[in-house]
């Protein structure tokens, strides 16, 4: 695979290999055949970051080869959304012959949505001033004249200039209902929107008919908690990153959801609060004892659940676990399978043409 060529003819074989690999990894815990969710074979990534290489009068996007660390020029990127590809061409054309925008520019980040909105961040090794803002506004207006719905941001050390706004609003069709998700620049969002829809619909399917309340750790911008709210009486979700919490609060209002509460704290802190080890001011006004948590949802970082959180989640009748690293999922299952059994298993091909797998398991108490 090269950045400008995807081996689409190999997609089926690569996906089949992942299914076999996941089944083998899960064999100690389950004999289930994974439910498999395919990715689009191209234009599936909604965000991308490129270094910018200055070559005489020329200027272009590059990435570095992971093995050799050599530079690879990238003029098109079929893994990324069609909007990112349009913007890559338009940004280079707009910046190449503009000394103010070009000088000391070292990276461009792209974030797009299925609703065809974009935020483009230009990263600099220099101070950004009013002259930069004027030139950037002219570029933004020129891009919009090409029917590109784009917002520009300039970044430098301790500086962030958002010309209009630093977010875009995604609209996803999820099980017959449109969900609105605010996505903030430089915050985590799901990279593969088509796969995200399938993950949300699978999570809805495995929790349909649920009783009681849902607890979610690591909720980000509320991606899962808001979609799942329709299956539960109430949802309580935790997140540590301030921009994500603010986006989640916006998303609750935008989707007219009245049974979700987001609190800003780490999963480890919430574990302490639930166990009565510590009291937190951030939990004032929230009566944890009034919740009837029957299901806990976790979507941890690649490192998986720490041992304290492992113990905590074992207290719940049902555990819904989305994993971006099946190796740490299996490590967690060594503990979780002592008290719970695997009821559902899914493979989400979030990252086609790579070794990486995303998977989901529903665990129920034995």
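Cβ atoms are placed via backbone N, Cα and C, with glycine included.
Of the residues 239, 269, 279, 327, Swiss-Prot puts just one in the S-adenosyl-L-methionine site with 190, 218, 223, 299: 239. Cβ neighbours of residue 218 (S-adenosyl-L-methionine binding site) (same chain, under 8 Å, six or more residues apart in sequence): 238, 239, 267, 298, 299, 300, 301. For the S-adenosyl-L-methionine site, whose annotated binding residues are 190, 218, 223, 239, 299, the maximal Cα to Cα separation is 15 Å. Apart from the site residues 190, 218, 223, 239, 299, the chain places the Cβ of 188, 216, 219, 220, 221, 222, 224, 244 no farther than 8 Å from the centroid of the site's Cβ atoms, the recorded S-adenosyl-L-methionine location.
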